[in-house]
Amino acid sequence: MPRGLELLIAQTILQGFDAQYGRFLEVTSGAQQRFEQADWHAVQQAMKNRIHLYDHHVGLVVEQLRCITNGQSTDAAFLLRVKEHYTRLLPDYPRFEIAESFFNSVYCRLFDHRSLTPERLFIFSSQPERRFRTIPRPLAKDFHPDHGWESLLMRVISDLPLRLRWQNKSRDIHYIIRHLTETLGTDNLAESHLQVANELFYRNKAAWLVGKLITPSGTLPFLLPIHQTDDGELFIDTCLTTTAEASIVFGFARSYFMVYAPLPAALVEWLREILPGKTTAELYMAIGCQKHAKTESYREYLVYLQGCNEQFIEAPGIRGMVMLVFTLPGFDRVFKVIKDKFAPQKEMSAAHVRACYQLVKEHDRVGRMADTQEFENFVLEKRHISPALMELLLQEAAEKITDLGEQIVIRHLYIERRMVPLNIWLEQVEGQQLRDAIEEYGNAIRQLAAANIFPGDMLFKNFGVTRHGRVVFYDYDEICYMTEVNFRDIPPPRYPEDELASEPWYSVSPGDVFPEEFRHWLCADPRIGPLFEEMHADLFRADYWRALQNRIREGHVEDVYAYRRRQRFSVRYGEMLF
């Protein structure tokens with residue numbers, strides 16, 4: 001290879017990242033127009049397009065590099081010099097942290113995810129002293145109640161870039177003040193002020209104002225979801241001011257926000273104060289930088305692994321028919337490997353399973369489907385693996401494992417947020433907690449269905465409970481679009497003997513689903529059955545599901561709220577908005 005080629009390659013990779021992030025910002029900047037035009041299908045398409053941008057631009061750079069090197073192989077020393085040149089380009093680069101992840105992605109694509117060592121990749125950042133440093137560019141604006149909170153909030157709302165008419169701005173302001181007074185008290189509120197992010201956060205059918213409520217006793221989140229009426233007028237649906245509420249809004253089971261962030265590290269650092277329970281990876285994920293979030297997630301895993309004496313074990317819960325799931329006992333993630341062979345009743349391929357996981361990545365997760373990070377050639381030290389798990393891995397996934405002596409390499413796996421399996425949770429709770437869990441489960445099914453997702457396998461074991469008590473779906477191998485399912489009523493038996501027969505007396509075609517059958521496995525527990533019948537009996541009716549299908553086919557996009565219905569101003573304060 002000619003000398004000087006290393007610098008050209010480094011510059012080409014960085015220019016490729018510039019192009020990718022420029023397109024990322026371009027798609028993001030269209031969020032306001034899509035919101036104002038109530039073009040909800042364009043919102044969904046833009047979300048998918050933005051996710052695809054990263055891999056598309058990695059592919060473009062890889063093709064450029066193959067042309068530059070004329071397809072010649074490169075030795076280890078050459079690659080190290082490329083990384084050295086790339087590192088020298090980063091000290092004055094504003095998005096250096098994501099540029100490092102882009103370099104990693106290009107390397108992995110070029111070398112088929114092999115030889116992934118700290119010398120060749122940015123396993124940890126090359127600029128640790130710059131990470132999360134305060135950046136001078138102001139991200140937010142302060143508002144003080146010099147003339148009272150009504151005047152303050154009028155200024156905040158008037159500062160918004162939205163061009164639509166407000167349904168009743170004065171009413172919304174009084175609702176917010178009423179909520180803040182109930183939360184803080186009159187005296188504390190008088191001594192508090194707001195800091196509001198310059199950019200709105202767009203997701204689904206809402207534009208979120210995100211701010212900080214700075215009080216004498218500390219800083220609280222200040223979140224206002226802005227929606228539209230059917231007539232295209234704006235209204236504020238609620239005001240959220242607790243870290244738990246904010247954590248759910250920015251949760252791992254929700255779609256990524258569209259927020260214009262030329263300096264994502266600065267925004268992540270600004271958000272950290274109101275989302276103290278979120279990791280760096282989760283914050284990058286929330287603002288749509290999912291590939292860099294994967295880098296940060298892997299770093300968090302390495303840091304945890306270095307500081308613990310634990311071994312990987314099989315994850316608690318009923319063993320899956322398709323996925324082998326393991327975890328570290330104290331770590332908040334699980335690792336999922338597709339088995340070599342599935343249970344006989346699972347008539348599908350590994351490629352189908354991967355396609356299902358990709359569908360979830362790109363689809364609106366409505367707060368009910370866990371996000372995942374996908375890894376190839378994942379290295380584990382054998383000393384970190386319990387003997388029982390090692391035996392299970394070799395028994396169930398041997399084709400995906402390469403033995404390197406003191407290490408194994410797993411060819412492909414997913415990492416996902418760890419939750420308590422719902423079936424285990426239901427065994428452990430009673431009273432109101434049991435009722436809440438069943439209500440949450442039914443709501444999860446409804447919200448998934450309204451978003452055109454049918455879970456397929458609705459058993460409790462395929463759902464998890466988050467630390468906030470939300471029920472989230474996490475087993476995707478049978479997932480499909482609602483519009484692909486044929487929901488049928490079970491025909492009446494022809495003869496009394498039909499109901500005793502081992503085979504159904506009616507024909508069943510691929511894609512047929514009989515909601516009446518859900519009762520058999522969802523209501524078998526006498527503690528659960530009556531609750532389910534009380535709250536979710538309509539889920540057992542085929543006409544309920546067909547009505548949802550009709551709404552989807554007519555192009556209707558349902559509202560998705562990241563908070564309880566009872567928190568809506570229209571419910572709390574009695575005035576209906578429509």
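Placement of Cβ uses the backbone N, Cα and C atoms for every residue, glycine included.
Worth saying up front: this structure is predicted, and the values here are computed from it rather than measured.
In sequence order, P421, N423, K461 make up the list of same-chain residues 6 or more apart from I318 (ATP binding site) whose Cβ falls under 8 Å from its Cβ. Residues annotated as ATP binding site in Swiss-Prot: A315, P316, G317, I318, R319, G320, M321, K336.
Shown in sequence order, F252, A253, M285, Q290, V360, K361, R365, E416, R417 are the residues of the chain, 6+ apart in sequence, with a C-beta less than 8 angstroms from the C-beta of D371 (active site). Positions annotated as active site by Swiss-Prot: D371.
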Let me make sure I understand the structure: which of the binding-site residues listed (P316, G317, G320) has the fewest other Cβ atoms within 10 A of its Cβ?
P316
If you draw a 10 Å sphere on the Cβ of A315 (ATP binding site), how many other Cβ atoms land inside?
20
Largest pairwise Cα distance, Å, within the listed ATP binders A315, P316, G317, I318, R319, G320, M321, K336?
15
When neighbour density is defined as the number of other C-beta atoms within 10 angstroms of a residue's C-beta, which of the binding-site residues R319, K336 has the lowest density?
R319
Taking the Cβ of M321 (ATP binding site) as centre, how many other Cβ atoms lie within 10 Å?
15
